[in-house]
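J.: Input: one structure, supplied below.
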């Protein structure tokens, strides 16, 4: 069922291919590339550190790095080959599942959304920024399908894995805070 749905959705994306749209999709997909994720991650780490929030900055960097490690582990465990539905428009050499671009973009850009709401409390445009970043994550995932390097299920799995990683980090942080409070009460 999933493979049939993957094929149908991918064929729809492939039917939209044009030189102009391909250029746009390559640009969008690059916003989820390792280089961009690392550079933006380091810039955000630096910006948070400048606010005298060293612990917060390291938490950000560890969350981002942990997401990338989790993606690589999942790829190595599952070892799903790249789709052979149509010739890809960009070259990829790693396994397909889950989409690394989508997962890493989900982790980074949703972390930025978190910091937008944490640090820009009075900013009336924060919803615009947050919505734009969430749309960017979706577009990055769509670009991976369009370019022929991922099936739709790879992209959905990348998004879900990224969200689950962020939820896990938040829950662990909450549990650690609770444990610390309990120890201080005793």
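We count from 1, first residue shown onward.
The backbone N, Cα and C atoms fix where each Cβ goes, glycine too.
Features from TrEMBL:
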- 20-48: transmembrane segment (TRANSMEM)
- 57-170: domain 'Phosphatidic acid phosphatase type 2/haloperoxidase' (DOMAIN)
- 60-78: transmembrane segment (TRANSMEM)
- 98-120: transmembrane segment (TRANSMEM)
- 127-149: transmembrane segment (TRANSMEM)
- 155-176: transmembrane segment (TRANSMEM)
J.: Are there 3 or more C-beta pairs under 8 Å linking the transmembrane segment (155-176) with the transmembrane segment (20-48), counting only pairs at least 6 apart in sequence?
T.: no
J.: Among the recorded stretches 98-120, 127-149, 155-176, which has the greatest number of Cβ pairs closer than 8 Å to the transmembrane segment (60-78)?
T.: 98-120
